[in-house]
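K.L.:
Attaching a single structure in structure tokens format; questions to follow.
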Amino acid sequence: MAKTNSKKKSKKQAASETPKLSPKEEAAIKRQAAKQRQEFITYTSAVVGGSLFLGLMLFPVGGEKATVGVFVGLVAMCLSFKYYRQALWAFLIYVPFGGTVVYAVAGGNALFQLAKDGFYIPAVVTLYQECKRKRQPFLIPENLKQPLIFLLVLCLLTLLVVNGAQQFAPKKTGQPIILGLMGLKVLLGYLPLITCGYYQIRNKKELLFLTRLHLVLAIICSALGFIQYFFLTSGKCVGTRGMSGEALFKATLEARCLVGGALVFSPEVGMIRLPGTFVSPWHWAWFLIGNAFMTFATAFSDPSPLWRMSGLVGMAGVFVNAVISGQRIALALVPVVTIILLVLTGQVANLKRFIPIALGLGVLGAVAAAMFPAIIQERVQSFVDRWNASPPTDFIAAQAGNTSGRQEGIFGAGLGRATNSARAFGNVELIETYYPKMFHEIGPLGVAAFLGLVTTLTFVTFKAYRSVKEKNLRSFGASFWVFVLVISYNTYWYPLDTDPVCVYYWFFAGVILKLPEIDKQEREKLAAEEANDPKNKKKRSLKSNKTATTKKAA
């Protein structure tokens, strides 16, 4: 009852402190809102009409899919140019469902795999123009300038010297220059998301919207991943059952089920690799690993108990999918990441929040082990067998040795020469470890330059989050920073080349850099509330009266 009364009092106090607007000011605000609404309707109508016209013109040539693709693409791009903040939110929402859209809507059209850039590129262009107009820095943080310039110079030299020589060679295969440009886009194309993250999140309210949005996306995708697994086990989707030879072990689009892309489901030989909502099982595995960080952040750092409980649900969904997806790296890293986060963020000492969440996850684990003992045993045994057959450390060392042994010169084999997504433009080599892949493409100097870039970013973001005083903001910053740290130096597979890690890494680095400013806003708000508190005013007046009386007596 006392709590309810105090809440009512605080609401009344906040209402009394809010300055009342004059009729003229209220009318001006209404006129501005009406003007913006009218501008949106006019602009959107023109965009929809023009896009529909161009789409229909292509119908005789490309058919229904080309018409729909052009229409949707043009509408998205034009609206993204005009409303870049909304475009960035749409971009973040689209990323987890991109694989499903590509195969369910676009029929696997490779062009649709770049659909998310229809939100991203126009938004970045508009943000750059706004920064220029307001005379705000676009490159954030300033410390990145020198390592970024050094890396860009080396990449451009590689593009000109190596890819250029391949382009004009007598026995040219593919399009080496375009291949190199694609490689450069994959390497650094999403780096401007640091700036996007910094300017997109303006206050604590928007930060909480971001973290809660990611939690909701994680829960939805985890639920879809579980339904996909249920459909396959129940026989509603066949998967790769009944196939023979190598087909039992290869992910194929013919086996696609409900959401996502290619999968393997051959329980008769213990081979299961599910893609969730993404194009491939590897992408899904790294989505789960990335969301181990994001769901943890909400579960331990959100000020609302309801959202902290929802964070626990998100963590549970990620854990369950790490087991049923069949991806050994997710099974290994999701629990390891959680332990690392508990230690490095200091939450293991925060008993009030740690104990309930630990008990909840413990109960969930016990129930899962009791209900699905065979599945868990099979996954763990598969992981152990794989580790014994080919330890990741040996695999990384072998790939690094193989790449460095074939290295000639200082520029590498050319940008894009080991980038899987650029294979349409030339021959590429499959190298499944990140820094050996980069070594193959841009040589030792390029690797050193990239390490310099990510090390600078890791150090600057560490300083930024450590300067935050407010405990919830600091806890969010710690979780995001551990994500940046792990991805910066991870060399197993190439998550920084692919969705969603290539998006989350750069964007959340920008969010970390914004935290000190948000912290300052919160402290100023708290100071203003304390200054306007009637109790504090009474205390200050009594103190000043007492001081005046003492002076008179003296």
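Glycine too: its Cβ is placed from the backbone N, Cα and C atoms.
As annotated in TrEMBL:
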- 1-12: compositional bias 'Basic residues' (COMPBIAS)
- 525-535: compositional bias 'Basic and acidic residues' (COMPBIAS)
- 544-554: compositional bias 'Low complexity' (COMPBIAS)
- 1-28: region 'Disordered' (REGION)
- 525-554: region 'Disordered' (REGION)
- 40-60: transmembrane segment (TRANSMEM)
- 66-84: transmembrane segment (TRANSMEM)
- 91-112: transmembrane segment (TRANSMEM)
- 148-165: transmembrane segment (TRANSMEM)
- 177-201: transmembrane segment (TRANSMEM)
- 213-232: transmembrane segment (TRANSMEM)
- 284-301: transmembrane segment (TRANSMEM)
- 306-324: transmembrane segment (TRANSMEM)
- 330-350: transmembrane segment (TRANSMEM)
- 357-376: transmembrane segment (TRANSMEM)
- 442-461: transmembrane segment (TRANSMEM)
- 473-492: transmembrane segment (TRANSMEM)
K.L.:
What else in the chain is close to the transmembrane segment (306-324), if you only count residues 6 or more beyond its ends and a Cβ gap under 8 Å?
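P.N.:
Non-local partners: 208, 212, 215, 218-219, 222-223, 225-226, 229, 272, 274, 276, 284-285, 288, 291-292, 294-300, 330-331, 334-335, 338, 353, 357, 360-361, 364-365, 368, 372, 375-376, 379.
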K.L.:
Cβ pairs under 8 Å with the transmembrane segment (473-492): which stretch of 40-60, 148-165, 213-232, 284-301, 442-461 has the most?
P.N.:
284-301
K.L.:
Looking at 148-165, 330-350, 357-376, 442-461, which one has the highest count of Cβ pairs under 8 angstroms to the transmembrane segment (177-201)?
P.N.:
148-165
K.L.:
Are the transmembrane segment (442-461) and the transmembrane segment (148-165) close, by which I mean at least 3 Cβ pairs under 8 Å that are 6+ residues apart in sequence?
P.N.:
yes
K.L.:
For the transmembrane segment (213-232), which stretch among 66-84, 148-165, 284-301 has the most Cβ pairs under 8 A?
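P.N.:
Answer, by Cβ pair count: 284-301.
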K.L.:
Using a Cβ cut-off under 8 Å, which residues of the same chain at least 6 positions beyond either end of the transmembrane segment (148-165) come close to it?
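P.N.:
Sequence-distant neighbours of the transmembrane segment (148-165): 139, 176-177, 179-181, 184, 187-188, 191, 411-416, 441-443, 445-446, 449-450, 452-453.
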K.L.:
With Cβ-Cβ distances below 8 Å as the criterion, list the same-chain residues six or more beyond the ends of the transmembrane segment (330-350) that contact it, or say none.
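P.N.:
Same-chain contacts beyond the flanks: 284-286, 288-289, 292-293, 296, 300, 315, 318-319, 321-323, 379-380, 383, 475, 478-479, 482, 486.
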